Amino acid sequence: MSHCVFCAIIAGQAESSVVHDDAHTIAFMDIRPFTRGHLLVVPKTHAANLAELDAADGGRLFQVGQRMAAALRGSAVAAEGINFFLADGVVAGQEVFHVHLHVVPRKAGDGFGLRGRPASSSRPALDTLAGSIRERLGAHHG
């Protein structure tokens, strides 16, 4: 594995403003925040992408994310809402190749949000896509 800044933070070899630290997960303030209070939740075991992420670590990632969201609402940040964001792959916007969950506190008028426009799709097209995904999962649902 090449140098990973998140692994360096976990090892105490790089600075961070830590909010939470347990045996499996660390959470710290994002140095390039979308909004005030934006933080990252990171599994301590290196996984470059979701395919490499252990399922238990993935579950813990979201459990800690929930705790961080509650803390952001009650802290000096006084978040009115929360967005979770996880980029998996270059085209998805992943910049650090160690899985991490962005916890982005929101307030009315903060200017942050998804910029894409949702498109309508027909039920047959959605059913076809759902079937393709089910096949990949090995699941067979009616």
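Here, residue 1 is simply the first one shown, and the rest follow in order.
Cβ from N, Cα, C; glycine included.
Pulled from TrEMBL:
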- His100: active site, tele-AMP-histidine intermediate (ACT_SITE)
- 5-113: domain 'HIT' (DOMAIN)
- 98-102: motif 'Histidine triad motif' (MOTIF)
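As a summary of secondary structure, the motif 'Histidine triad motif' (98-102) carries 0 helix, 2 strand, 3 coil according to DSSP. Residue counts for the domain 'HIT' (5-113) under DSSP, split into helix (H, G, I), strand (E, B) and coil, are 32 helix, 25 strand, 52 coil.
Within 10 Å of the Cβ of the residue listed as 'active site, tele-AMP-histidine intermediate' there are 24 other Cβ atoms, across all protein chains.
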